[in-house]
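Report on the following structure.
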Amino acid sequence: MKYLERLTPSCWRIKPGFVPNMKVEGRFYVNKALEALMLEELQQFASARGVGGFLPAVKQIANVASLPGIVGASVGLPDVHSGYGFAIGNMAAFDMDDPEAIVSPGGVGFDINCGVRLLRTNLTLEDVEPVKEQLAQSLFDHIPVGVGSKGVIPMNAKDLEEALEMGMDWSLREGYAWAEDKEHCEEYGRMLQADASKVSARAKKRGLPQLGTLGAGNHYAEIQVVEEIYDKEAAAKMGINKKNQICVMIHSGSRGLGHQVATDALVAMEKAMKRDGIEVNDRQLACARIHSEEGQNYLKAMAAAANYAWVNRSTMTFLCRQAFAKQFNTTPEELDMHVIYDVSHNIAKTERHMVNGTERTLLVHRKGSTRAFPPHHPLIPVDYQLIGQPVLIGGTMGTCSYVLTGTDTGFRDTFGSTCHGAGRALSRAKSRRTLDYQQVLDKLDKKGIAIRVASPKLVMEEAPESYKDVTAVVDTCHAAGISKKVVKLRPIAVIKG
């Protein structure tokens, strides 16, 4: 433990030397329970060599700290768990002016722009409870779900090219989004550096039939009810003004298209690393210099995949609005079904941050980590200037979700980043071995949660028991001051792939 040091009750430091070539320190945020999970994983690794195919999260955070061009610290957020290359819940920023600085697809993840969108309504629990089952069924019928699910939005190859370049502007033009939806979306739902020509034919082939589909795994659409309001002023700015108000949360990403973009880039970058003599501690950290051809190609393709994911969430928003309007025999406008915000938690972005007292342009990798900008930041919508950027934290099936806001402390300490959800505690394989799907469904039923699942066998992987406690994760971020609690939401109906 000589390389690990507790800095504050909720933050640990990983000192350089823990792994070779560390350029900056590592830091991770945990409370008592989460700390035990992190250190147990490390001890298991030390005694048994290996946790599945991944290194333990503490080691992964340290390996990222050894990548060329990194500044500040390699940061692990409270929901951190081991992933491909970077841990999921790891944030790292690289100096764009350093010719050696790199971009790594493992620092973004395979599901590019996997993210969360929250819609509010003017309905209350009393309105929805009697028709909960019908509403869940209606959502399930409207939104295509599951592993190979096909979209219902008519699309040809030309439409896909445009959607990849235009993001939510495409949804707006095609009539699937409201003008103000864009305002309440990170990047306004469109990354301008997207270049569809950098997305391979295979990725496009995978993406074409899947637009407007939910996908499987931890993706879901949830009908939620406001259970607690911690910050009345901030909640009011978001249009949340009472307990028992109904909201809808959509969690989805770029489906097979984003996965293929990441896979293609990793192949190209392995070659670039040999050519440029880039050495890394773990071959899963394949990367390329930001300004190399491979680095730029990846960033342009990643932006296109991110746009695809925003179009995807917009399409599902459209289908959600349809389902609600049909059930309540009115219009989505009458139901006040506005987007509160839409955040990404798997993405790399160019941002300005202070490093050692000077402002620098950085490429911030957030993998399983959410942007959380403070009040008055120029990149957040006018409506939220006084309270800070809304941050949406999805729980797991049957547990609570949270809305937080960004803070100045977070902007300084974690480059404006916070957690993204609960974070796995059990691997998918272990969840399947130890949990029984009927029990998982019965438990949800007892909590009064209506559930519709396309692939019941996947339920165990996503059972609350497979995850860390989302409340512990959010409370740790709140205690560390890197984001602030605003609202707690509880699910009453879940639609899953």
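Glycine too: its Cβ is placed from the backbone N, Cα and C atoms.
Swiss-Prot lists C114, H251 as binding Mn(2+) 2, and of H338, H345, H353 the one it places in that same site is H345.
H219 is the residue from H184, H219, H291 that Swiss-Prot records in the Mn(2+) 1 site together with D111, C114. Around H345 (Mn(2+) 2 binding site), a 10 Å sphere centred on its CB holds 31 further CB atoms from the protein chains shown. Here D111 (Mn(2+) 1 binding site) is compared against the recorded positions A221, H251, N346, H420, G423, and the shortest C-alpha distance is to N346. Shown are the binding-site residues C114, A221; of these, the residue with the fewest other Cβ atoms within 10 Å is C114. Among the binding-site residues listed here, namely C114, H251, H345, H251 has its C-alpha nearest to that of T396 (GMP binding site). In this structure the C-alpha atoms belonging to H219 (Mn(2+) 1 binding site) and H251 (Mn(2+) 2 binding site) are separated by 5 Å. A separation of roughly 6 Å, to the nearest angstrom, links the Cα atoms of A221 (GMP binding site) and H251 (Mn(2+) 2 binding site). Around G423 (GMP binding site), taking its Cβ as the centre, 25 other Cβ atoms fall within 10 Å, counting all chains.
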